[in-house]
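Single-structure report; data block below.
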């Protein structure tokens, strides 16, 4: 591992600046899902146990360098206090300057301080060295626990990390270890499942994966584009016909790299995209001209079952069908439950990420069974694309 963790740092009596992700959904000024807040608790508690004083830095929404009251982190304070019962959590109405400096000076051991939205300063998203230096003045150690913001080179994620002794927080550490196990030095064979609507949004991902995995399963709307590239008609299905040449390039790149690509063998088609729509299962080559492909069929699921059973590592990003609408969630559900089963039996290391993916695995009741579920979205995708993440690179020893 090329980065320090909390275990490597002497925090006793030190002010620890912790970059966290508390970008939670709100309704009428109330937090509707506190998952991201709950995930930072182990890091905050470990810093407190080591005698450090945690000062939390975070962004909230997109205020574009201006103060926007509805995007004040003050709104998150009650949910944060609830997640840390028995710990006094205070708030400072800025993240640099006299107000946070005084609030930090007044902190007692065992207390936590939340600073105002870093994006209220235009310099945050520009990675302004002056803003990073003003933040660095507040503490002696920097901890990044926001993997989800690590793909952005901002003042609080990258600039600050280069000015103070730095380490990964517990959530960041867990994420990096899981991704290292899945793509860095994985146990082989490695299977990647990539679904979703469009090839165009996942070009870099597919291009990187064919050179790094043994099997690539392509599902969802993007599978239709690959079928079109092979001369198969897909009726009224979602397909990016202008991406057919690109799909053929990916297929030949995979062949050259010894990566087997798995496309649907049979498909579930319907004439309407709605819950409970009349549907039928047909061979992939037999999609009626007036129908659309909305899921992979049982033959495909059975074939994938064999691929999964032979694998040691699996990475999943994107559903295999239109999982939001029953019965077109069947292939995603069946595949996800099998991965969870193999993982629980100790036969597979499974890592999944991306918004739709997490929703699909939760819907299938399979999320708990995976080795690791990343909530990072864009950062998870960029890591899978093989890109260097500035927030992680800045922590590298």
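Cβ coordinates are placed from backbone N, Cα and C, and glycine is handled just like the others.
What Swiss-Prot lists as substrate binding site is 21, 22, 23, 36, 59, 60, 61, 62, 119, 152, and the listing cites sequence analysis. The feature ATP binding site is assigned by Swiss-Prot to 202, 324, 354, 355, 356, 357, with sequence analysis given as support.
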### Residues that sit under 8 angstroms from residue 59 (substrate binding site) by C-beta distance, when 6+ apart in the chain
23, 117, 118, 119, 124, 149, 154, 156
### Summary
Densest Cβ environment (other Cβ within 10 Å) across the binding-site residues 21, 324, 356 belongs to 21
### Summary
Least crowded of the binding-site residues 61, 354, counting other Cβ atoms within 10 Å of each Cβ, is 61
### Query
Sorted by position, what residues of the same chain at least six away from residue 202 (ATP binding site) have a C-beta under 8 A from it?
194, 196, 222, 317, 318, 381
### Query
By a simple count, how many Cβ atoms lie within 10 Å of the Cβ of residue 119 (substrate binding site), its own Cβ left out?
24
### Task
Would you mind pulling the DSSP three-state label for residue 61 (substrate binding site)?
coil
#### Entry: Extent of the substrate binding site in Å [max Cα distance among 21, 22, 23, 36, 59, 60, 61, 62, 119, 152]
18
### Task
Work out how many Å separate residue 21 (substrate binding site) and residue 355 (ATP binding site) at their Cα atoms, rounded off.
15
### Task
Pick out which of the binding-site residues 23, 357 has the most other Cβ atoms within 10 Å of its own Cβ.
357
### Query
About how far apart, in whole Å, are the alpha carbons (Cα) of residue 324 (ATP binding site) and residue 61 (substrate binding site)?
26
#### Entry: Cβ neighbour count (within 10 Å, all chains shown) around residue 355 (ATP binding site)
13
